[in-house]
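Okay, so here's the structure we're looking at.
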Amino acid sequence: MNAHELITRNAAEVVTESEIEALADDPEGKRAYVGYEPSGVLHIGHMLTANKLIDLQEAGFEVTVLLADVHAYLNDKGSFEDIRHTAERMRDQFIAYGLDESNTQFVLGSDFQLDDDYTLDLHALELETTLARAERAMAEISSGDSVKVSQAVYPLMQALDIPYLGVDIAVGGMEQRKVHMLARDVLPSIDREPPTSLHTPLIADLGTGRGKMSSSEGVTISMEDTREDIESKVNDAYCPPTADPEPTDDGAERENPVLQVFEYHVFPRFDAVTVERPEEYGGDLEYDAYDDLEADLESGELHPADAKGALAEYLDRLIAPGRQQLAE
Ligand code: IYR
């Protein structure tokens, strides 16, 4: 796979395509970053953007992981001291998951976000941004009902992180896109370049195929799960046997989360996937590419129960090193 393919595979969106092409032409030594509010234990949402960082490392990029302690504090995630402690645990989880340690820089937000220059630049951005604009940027990130001033400051700090970390590309899930668009709009007002960004898709809830898989609601997978937990969650996952998922009562779209996890989590990390089947049901199936597995599931050649068995096996392989690290 060439650099452009590695950078863009499984991305829901890049902003902009021509900026990405320029980076792909000469990726050596370029820097990409993702910021995470510290949570200690990795879950499948972190793993999705981490897969993209691994792709970027393979393409020649250097990677910064921002452990966004100040952002978590602004988003009401607990005392600053507790958040800092959690951030320390998260670093080891990323390494266990497979980020290349020699090429990953971990930075705490509070290492630079409390400095004088940063604070003054932040105030300059506050002067340039209406409350309504900041609030819109936060709509998918914050869950609070009544917006606090901290939630208006949050996206401006996230925008400012990009020039302060000196990165060439900001990576995040699609829920971060409005913050990155805000960054493109406001950074030029303080003489900084509008940043390039790349967004990973949102994966539907494993149990229902609806909405977004998240750590706070519905069914998710985390590094704390035992093999048995994974098997039972994957077994109960929504996975219609054909290409036409059943409509929901409210007409909302339903995805097939089993296929999504194969596509975004398993195939990027394994060269081939084996689905084990007893001889009487046709014997093992071997897939080099996600599309072939999808086609077989949709044609009925591959039964959902067999696909789920393989999914649990490969997810367990991805999670086992992080689980072991937590036990140390
Ligand atoms: N908003 C992110 C956390 C975050 C991301 C970046 I990129 C930053 O520069 C700072 C914070 C979240 O929702 O987890």
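Even glycines carry a Cβ here, placed using N, Cα and C.
The L-tyrosine binding site annotation in TrEMBL covers TYR33, TYR154, GLN158, ASP161, GLN176. Long-range C-beta contacts of TYR33 (L-tyrosine binding site), restricted to its own chain and to partners at least six residues apart, with a cutoff below 8 Å, comprise VAL63, THR64, VAL65, LEU66, ASP161, ILE162, LEU165, VAL167, ILE169, ALA170, VAL171.
Summarising the annotation, TrEMBL assigns motif ''HIGH' region' to 38-46. Listed as Cβ neighbours of the motif ''HIGH' region' (38-46) (distance under 8 Å, sequence separation of 6 or more from its ends, same chain) are residues 67-69, 72, 77, 83-84, 86-87, 89-90, 93-94, 97, 173, 203, 213-215, 220-224, 261, 265, 322, 326.
What TrEMBL records for 193-218 is region 'Disordered'. When Cβ-Cβ distances below 8 Å are used as the criterion, the region 'Disordered' (193-218) is approached by residues 7-8, 10-16, 19-20, 23, 32, 39, 43-45, 48-49, 51-52, 143, 162-163, 167-177, 180, 183-185, 187, 233-234, 236-238, 240, 245, 248, 252-258, 260-261, 264 of the same chain, each at least six residues removed from its ends.
Mean model confidence of the motif ''KMSKS' region' (212-216) amounts to 71 (pLDDT, 0 to 100 scale). Annotation comment: TrEMBL describes 212-216 as motif ''KMSKS' region'.
Summarising the annotation, TrEMBL assigns ATP binding site to SER215.
For the recorded site, TYR33 (L-tyrosine binding site), the DSSP three-state label reads strand. Residue environment of GLN158 (L-tyrosine binding site) contains 25 other Cβ atoms, counted within 10 Å of its Cβ in all protein chains.
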